[in-house]
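Going by Swiss-Prot, these are the annotated features:
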type: ACT_SITE; residues: 50; note: active site, nucleophile
type: BINDING; residues: 49, 50, 51, 52, 109, 114, 115, 116, 120; note: substrate binding site
type: BINDING; residues: 189, 190, 191, 192, 193, 194; note: NADP(+) binding site
type: SITE; residues: 99; note: site 'Important for activity'
């Protein structure tokens, strides 16, 4: 079984395609349940952000697993398989591991080095764990990816600028407006990205912030935090959006709604109410940062005179979205090292059931021979029998110790699975027994030699 990744991201598709594919966190379970209906898939996890939709799965067969995941995403998005595959990328086995480690490290983000994706990977894994759709393979992979992401951020300066999609978008707005100090902002959405935008606006010296959200109480909580920074702020119901836009200089929308929140009519109303003209497009435009996925702003708004829209596509082409080359290289070196170590550990873990089955086979042979000895020498006293048993077990343990340790070392290298196969052939180990150990149905044999002391005989 190997890890298969099927994904679409800002690097492979335009925002319009990501919009169709976007999966709300509450729907992760439905997508994964459909994927797991196939006997070819044993584990699955969905990572869906404003920049990517990725399904990680443990599959028994590459092509079969790929067809299953592709069909589920095709049905979900309404896209045909042929259209979907134009924008999709596939990673398998080692490449899938490397990709997730890079994603968690911020190396594949629209803003290189941003830290928000690490939290998104953590939430994706937590959701899958809650839904019990991850097993040993994805559990270990996700945990290691989170560890790698933390290491990259702590050991490199890839995030030294503290950049994120939100900060880059607002920096672009700042330049277009000649500064945000004293300006009026409208913040649509009071979630994590909304809070991040509020913090950035406060640091930029924004004069006033109107927060709109479907849940007014949540908007009010964010308003209280904004006021603590000394910025004037108020909470408004989403129905007041058109009026709020009329007095705005900059708008940040990041709600996660399934359809546009900022309509063409809303912006038309705002422009008319504010008396903006076409000349304002260059002099003092209404800057709208659309950071939602699917998009929060009707695409037609970008065509209005006097409006400048910043979306994820525009953000990723901004120079400040790219970290210094030296920091990126340092991060990639860490990722490569961690990938090699992880894969070596996985290969070693895969040979362990075979080694355990060999030890079990040896233990069975020893017990059978001791029973034979009892039958041939029924008069052997208990003390002598125990000494013979300890001696035989020590001999077997010593004979097995060096080759089993060495086989684990050899198995950790690329192509190491051939050593486990050779071990099974040489000692005629039953594959069923090996599989039972791997599934936890048979105990791992602890030998006296490995424990550092002779094993006591069982009566």
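Note that Cβ sites are derived from N, Cα and C of the backbone, with glycine treated the same way.
Feature map: Swiss-Prot annotations on the structure.
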residue	record	DSSP (3 states)
49	substrate binding site	coil
99	site 'Important for activity'	helix
109	substrate binding site	coil
115	substrate binding site	coil
120	substrate binding site	helix
189	NADP(+) binding site	coil
194	NADP(+) binding site	helix
Quiz item: In the same chain, which residues outside the set 49, 50, 51, 52, 109, 114, 115, 116, 120 have their CB within 8 A of the centroid of the CB atoms that define the substrate site?
Solution: 106, 110, 117, 165
Quiz item: Among 49, 50, 51, 52, 109, 114, 115, 116, 120, which the record lists as binding substrate, how far apart in Å are the two most distant Cα atoms?
Solution: 15
Exercise. Would you mind checking how many other C-beta atoms are within 10 angstroms of the C-beta on residue 192 (NADP(+) binding site)?
Key: 15
Quiz item: Closest to residue 190 (NADP(+) binding site): which of the recorded positions 50, 99, 109, going by Cα position?
Solution: 50
Quiz item: Whose Cβ lies within 8 Å of the mean position of the Cβ atoms of 189, 190, 191, 192, 193, 194, the NADP(+) site, other than those residues?
Solution: 195, 196, 197, 213, 222, 254, 255
Exercise. Can you tell which of 51, 109, 115 has the least company, meaning the fewest other C-beta atoms within 10 angstroms of its C-beta, among these binding-site residues?
Key: 115
Quiz prompt | Nearest of the recorded positions (99, 189, 192) to residue 115 (substrate binding site) - Cα to Cα | solution = 192
Quiz prompt | binding-site residues compared (49, 120) - the one with the fewest other Cβ atoms within 10 Å | solution = 120
Quiz item: Of all the recorded positions given, 50, 190, 193, which residue's CB has the most CB neighbours within 10 A?
Solution: 190
Quiz item: Cα distance, residue 50 (active site, nucleophile) to residue 194 (NADP(+) binding site), nearest Å?
Solution: 14
